[in-house]
């Protein structure tokens with residue numbers, strides 16, 4: 001069936017390429033219906049006229065066999081129409097999404113196995129992607145709890161430290177919420193707030209290292225959300241400065257610059273034409289707030305590191321999305337500070353709705369959930385295609401939050417789709433953070449996590465692998481959802497991939513054409529694998 005089988009030479013962006021199981025079922029049923037109609041069409045003039053909606057001129061002239069065939073054809077078509085109607089209106093998020101997720105994981109595992117066999121560095125990239133994005137952890141031998149000079153007390157896990165900001169303006173609110181003697185330069189930089197590729201590093205430099213405060217202050221004003229939700233400017237400013245103070249400036253990547261970048265990226269994605277007027281003001285506010293708090297109080301190590309070292313956080317959150325749960329707890333806890341409740345004028349219903357959405361969005365930033373999120377998004381995109389809805393119709397919470405979760409996840413993984421100078425800075429920062437974790441693991445006698453060993457990691461190869469297996473499939477699917485709005489981002493991503501590929505030591509000649517990206521969501525599983533899955 002053409003809906004289920006794809007040629008290796010097929011175009012990566014082919015319109016008719018359908019790979020998620022649920023969308024394949026719909027396409028297959030449509031083909032069956034079309035075939036039945038065509039077969040019945042040839043049964044005779046009476047059948048043909050009936051199928052076309054016009055009665056035969058003389059039903060008495062029809063032979064009994066033809067009458068029987070006509071009745072069977074009509075009943076079959078009615079059954080198929082009913083099935084299609086049911087399937088098209090089915091909420092596909094859960095079990096159907098799981099089907100696609102499991103399929104994608106099997107496909108990616110095959111690709112990663114091949115990659116790991118190519119070289120030692122290839123094996124490390126493969127292990128990193130598998131452990132980080134596939135929710136698969138190797139068996140580890142847990143050490144005794146390490147002795148630390150300053151172990152985290154339970155009190156700190158639940159939230160507030162003493163106020164970290166040195167001063168709060170009591171009179172006039174600064175134009176961008178931050179005290180700076182470079183306000184004009186900052187204003188010029190923030191003119192790009194609505195554009196993809198804002199130099200958030202420059203914003204950090206010009207705002208006294210308060211990029212998160214400056215960016216959110218600007219974004220909320222740009223969207224007129226302070227007025228919509230009656231958020232007092234002084235309350236917003238106090239909360240933002242407190243929130244930003246709970247990001248660790250000594251953490252190379254997961255600091256307030258990253259948070260500001262994710263907020264601004266999400267702001268741009270929310271403004272894409274395909275999503276115009278799709279989301280309510282409350283949903284937009286929830287998305288911006290989720291991005292703002294999504295990495296607050298990040299210690300610069302991974303969830304698995306916290307689990308392996310028996311940390312208090314892992315204990316509190318039962319090893320499940322440890323950091324993401326902590327970011328949420330801190331972000332909401334800070335609202336309880338003096339004059340920090342930016343949601344004070346929302347109704348109880350609005351507060352509960354916003355909280356639910358923020359929790360769902362931040363928990364979805366756990367990278368181990370990536371494949372499930374991608375599978376859900378891909379299924380949604382393909383289902384919309386095969387049901388010919390044409391426009392993005394999100395008429396239930398499950399669909400709406402799914403797109404918002406994907407949007408925040410895309411913003412969180414937007415570095416490779418940014419202009420190369422920005423992408424390179426982010427790469428340097430994430431590798432510095434990884435290597436710092438690796439050093440801690442080495443000192444503690446732990447196995448060093450993939451990509452965290454500064455002596456063996458290949459930075460360039462890791463970025464090519466990250467784009468091929470994670471970023472490109474995600475951004476390609478997002479681009480399908482908002483087509484054609486994100487084509488420029490996809491082009492940038494592919495150009496950046498080529499730049500890093502050209503710098504891989506002893507790299508082979510560039511692959512061209514459809515094989516350029518090693519992992520494509522168009523791979524077909526063999527019958528043997530399908531049978532093996534059924535046995536398990």
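Using the three backbone atoms N, Cα and C, a Cβ is placed for every residue, glycine included.
The region 'Disordered' feature in Swiss-Prot is assigned to 49-69.
What Swiss-Prot records for 178-507 is domain 'PDEase', and it gives sequence analysis as the kind of evidence.
In sequence order, 247, 248, 295, 298, 300, 433 make up the list of same-chain residues 6 or more apart from residue 254 (active site, proton donor) whose Cβ falls under 8 Å from its Cβ. According to Swiss-Prot, the feature active site, proton donor maps to 254, an assignment based on similarity to another entry.
Following the DSSP three-state reduction, the secondary structure of residue 254 (active site, proton donor) is coil. Taken from Swiss-Prot, the feature 3',5'-cyclic AMP binding site covers 254, 463, 466, and the record attributes it to similarity to another entry.
Its Cβ placed at the centre, residue 295 (Zn(2+) 2 binding site) has 25 other Cβ atoms within 10 Å. Per Swiss-Prot, Zn(2+) 2 binding site is recorded for 295, and the stated evidence type is similarity to another entry.
According to Swiss-Prot, the feature Mn(2+) binding site maps to 295.
Annotated phosphoserine per Swiss-Prot: 507, in sequence order, evidence recorded as similarity to another entry.
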Per DSSP, three-state class assigned to residue 295 (Zn(2+) 2 binding site): coil
Other C-beta atoms that fall within 10 angstroms of the C-beta of residue 463 (3',5'-cyclic AMP binding site): 26
Other CB atoms, at most 10 A from the CB of residue 466 (3',5'-cyclic AMP binding site): 24
Three-class DSSP secondary structure - residue 463 (3',5'-cyclic AMP binding site): helix
